[in-house]
Amino acid sequence: MYLLIVFLPLLGSSVAGFFGRFLGSEGTALITTTCVSFSSILSLIAFYEVAPGASACYLRIAPWISSEMFDASWGFFFDSPTVVMLIVVTSISSLVHLYSISYMSEDPHSPRFMCYLSIPTFFMPMLVTGDNSLQLFLGWEGVGLASYLLIHFWFTRLQADKAATKAMPVNRVGDFGLAPGISGRFTLFQTVDFSTIFARAGDPRNSWISRNMRLNAITLICILLFIGAAGKSAQIGSHTRSPDAMEGPTPVSASIHAATMVTAGVFMIARCSPLFEYSPTALIVITSAGSLTSFLAATTGILQNDLKRVIAYSTCSQLGYMIFACGISEYSVGVFHLMNHAFFKASLFLSAGSVIHAMSDEQDMRKMGGLASSFPLTYAIMLIGSLSLIGSPFLTGFYSKDVILELAYTKYTISGNFAFWLGSVSVLFTSYYSFRLLFWTFLVPTNSFGRDIVRCHDAPIPMAIPSILLALGSLFVGYLAKDMMIGLGNFWANSPFVLPKNEILAESEFAAPTITKLIPILFSTSGASVAYNVNPVADQFQRAFQPRTFCHRLYCFFNKRWFFDQVLNDFLVRSFLRFGYSVSFEALDKGAIEILGPYGISYTFRRLAERISQLQSGSVYHYAFAMLLGSTPFVTFSRMWDSRYSWVDNRSSFILIVSSFFKEKSFQE
């Protein structure tokens, strides 16, 4: 049963890929959706068996790589964090598959799409169930490949090509940190097996002296692992690819940004918590990066006009909350927020897809408006998702995001207070752009084309059912799971390991001031009220601010995403491209390699042939002179050989030469 959870999506993807043209759109949709749905059901059974009783399950399948001290096997480990992630991945993916049947029904390449859509649902369980670093790395690379294929699905669109091409190098930057981190763990612990590494994580002999500096190996490894997590989970510096991923179909956005790829970094940090706990420096770095990401993405989203990009920046912001929750040693709360976020973020993306699908693929919110009467169900689902996103009381997001902020305050450190205030201000901006999205799309006077208004319709039944189920999850999942996942019980069974000195959950519950607990709610209410009052007169504000230089620059700063893309292009990408052209291409490929390689050899023989051909002049005296030059050394050598007869016996020379051949033959035998 446990192996079927992992391999059923692979079976569906393989059947759709190899036999899609024979099965057709309906056949491939039926097979892939059935496989992922059965995987989701089996995940619920595995959760019932593993999580309540804290009874982990370990399956060792077969040896994989065995070379002296290095040993890696195919093994699957199912504990509480694993089964929680399996429920999130498989349930969200099954609903996205069901949604895609209707959304992609008119696309001629829907069998290929359904094949691609099942790939991350296989690699993500491979990542979360792996019992060693190499198996985790296999799933890690697989979800990166799946994101490239899904973003690049409409490969005839230039923007989709650019977004997919951009996603791969950013993922490689993260891999540049993860791969040395895995190598460092093997160098330090002589194994890639998680259980052995975590058991030895507290060993004090984990430092070395280099260039008169004492370096902490655990800190270095943890920072490298965090670089890998930042590449996958769209943290500051690597967040630029996440909004560009919106060029793929909307189900792709829901799958990647709610359940599969972006959650990989958060889970990897939670899985490696025994290492991070023994590195306070790495925890400070993680807390700072996560809080900065949440603030940056929230401020960027307030002036975006693309419907899906606004939701994508909210994903980056929420990932920042999950990361800095891990940075304050509350990994269980970070995973809990990951689960809650998957439900309301998937509902937001699928609702946005319903609007885009009905509005002739229009994504600009400025060309919408007044759609609440035409999309009552979609509007209600999007309202529920937005309220849960901003942490409205008693909805799913409230039970995890507010707890994260309380824990950051109760940390009583500079990094904790830094994360608390940036996270609280981010709540204000998140509330603003969430309600700005609702106003511009559904409530303000319409600005759409007449043909779109006439033809628009609410989501059909196959698209409405997944959205309704996700909306119910956005309402009740947080309340139903809060006592189990962040209570004082033994649900996690010490799987996200936390040192006793870093355990502050009970203190945040009973010792945090009431005003601290009310700050996020006050900020979310303030953001909603500002959006309600500003957006109806947004054009007047824009015309009033535009003549002012400072306001105009501030608007451009946020609208252009803090100029991150421009800075990266000017200072990194162009430098690498210039280096690649001048050094790698001109100096090496077109220079040394071709001169010393095939081009140089062919050029040398061609020039030699030209020189030799010049000797063929057709004149008899030239040939006679050449014959004279050739015969003179021969005659000279023969006369010198005759002069040696007086003191060298030719027969002894012959015997010596023949005996040497026989000697070599005997040595070979």
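Every residue, even glycine, has its Cβ placed from backbone N, Cα and C.
Per TrEMBL, the range carrying the annotation transmembrane segment out of 310-330, 562-582 is 310-330. With a cut-off of 8 Å between Cβ atoms, the residues of this chain six or more beyond the transmembrane segment (215-231) that come close are 140, 170-181, 184-185, 188, 201, 206-209, 237-238, 264-266, 268-269, 272, 275-276, 278-279, 281-282, 285-286, 289, 323. Assigned with DSSP, the residues of the domain 'NADH-Ubiquinone oxidoreductase (complex I) chain 5 N-terminal' (64-114) fall into helix, strand and coil as follows: 29 helix, 13 strand, 9 coil. Long-range contacts of the transmembrane segment (282-304) within the same chain, counting only residues at least 6 positions beyond its ends with a Cβ under 8 Å from a Cβ of the stretch, are 218-219, 222-223, 226, 230, 234-236, 239, 243, 269, 276, 310, 313-329, 408, 415-416, 418-419, 422-423, 425-426, 428-430, 432-433, 436, 555, 558-559, 561-562.
Only residues 6 or more beyond the boundaries of the transmembrane segment (463-481), in the same chain, are considered here, and those with a CB under 8 A from a CB of the stretch are 92, 95-96, 98-99, 102-103, 336, 339-340, 343-344, 346-347, 350-351, 353-354, 357, 377-378, 380-381, 384-385, 388, 394-400. Contact between the transmembrane segment (420-443) and the transmembrane segment (310-330) holds: at least three of their C-beta pairs are under 8 Å, each pair 6 or more apart in sequence. Beyond its flanks by at least six residues, the transmembrane segment (379-399) meets 314, 318, 336-337, 340-341, 343-345, 347-348, 350-352, 371-372, 427, 430-431, 434-435, 437-438, 441-442, 467-468, 470-471, 473-479, 481-482, 486, 520-521, 524, 527-528 of its own chain at Cβ-Cβ distances under 8 Å.
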